[in-house]
Amino acid sequence: MKLNQFGAAIGLLATGALLSGCGSDNNAAVGSARTGPSSGQVSCGGKPTLKASGSTAQANAMTRFVNAFERSCPGQTLNYTANGSGAGVSEFNGNQTDFGGSDSPLSRKEYAAAEQRCGSQAWNLPVVFGPIAITYNVNGLSSLNLDGPTTAKIFNGSIASWNDPAIQALNTGVALPAEPIHVVFRNDESGTTDNFQRYLDVASNGEWGKGIGKTFKGGVGEGAKGNDGTSAAVKSTEGSITYNEWSFASARKLNTAKIATSADPEPIAISVDSVGKTISGATIIGEGNDLVLDTVSFYKPAQPGSYPIVLATYEIVCSKYPDAQVGRAVKAFLQSTIGGGQNGLGDNGYVPIPDSFKSRLSTAANAIA
């Protein structure tokens, strides 16, 4: 097994976009799984060593997935480079890897390139679900409440001090310091950034105003590469704030903000339960086995107790690979990921695939050739 981050070995290491290459007018709830083969079946064989790259958000999960693959299929493994969603898509489309990991589904332009690379339809298969944490480092501040509008104004520079009245109003009775806010953002193309900016765009009641995309558009702060880089920067910088995939926040023991939503003015902390409530309401907008999720409901949840900043990481695969041996191995990897690879994900800051969705996902994985 070889797991890389920015080209180096890693030890510690999960959407929504509205745009998909293949849209469907027939939305299906995540819970309305179609009948499919058992998620416990793994058909081993094919290419001995797969190569993949992309999302840093799923890097910790990939450790478990590769271990599950190796246990299920002795003699087979996967080398994964966690170099960001943008790189994962471009390397897959450039035929440098066997599949890519992305925290956003393929855009129409990316989908066209993927279809050319595959010689068949490309599919977006969400196998990792995880919250994006807003992490901060302020001396003496162990608890922080935020909401969409206030968070947006912090990350576009409209709020520049920790004792700003808007932050104080959400943290009654808390002594906030009169010190500047140091924003840290991802300086690589990032699906985490894309999802975070989509949250700000949807949940800020117009306060964001900077647009969306894989490149940070806030116009304020200092950049760092990957979830690892941003979490390390906040850990070492007094007065700083950033957005991280939860497993990195947990690994570095960073303070995380609670988030108030339109469904629940009581600020909600990240937990497996609060994120599970959020993803239970997601619908599939992709067509057939292209399982793109419509996650606008994540950002403005209807159910109280839902944590709103959640991403799904997609494995970008060919429905039919030019090399059947690659297709067979990718199928086996995904089968083991959907099965035994889900065990213990909660310990790493992820939410396991809901049982009601496993059948739908297994149907897609088993159709890969």
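Residue positions begin at 1 at the first shown residue.
Positions of Cβ are set from backbone N, Cα and C atoms, glycine also.
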Phosphate site partner of SER55, THR56, ALA57, SER85, SER190, GLY191, THR192 (as recorded in Swiss-Prot), chosen from ASP98, ASP103, ASP201: ASP103
Phosphate site shell beyond SER55, THR56, ALA57, SER85, ASP103, SER190, GLY191, THR192, criterion: Cβ within 8 Å of Cβ centroid: GLY54, GLN58, GLY84, GLY101, SER102, SER104, THR193, ASP194, ASN195, ASN227, GLU245, LEU311, THR313
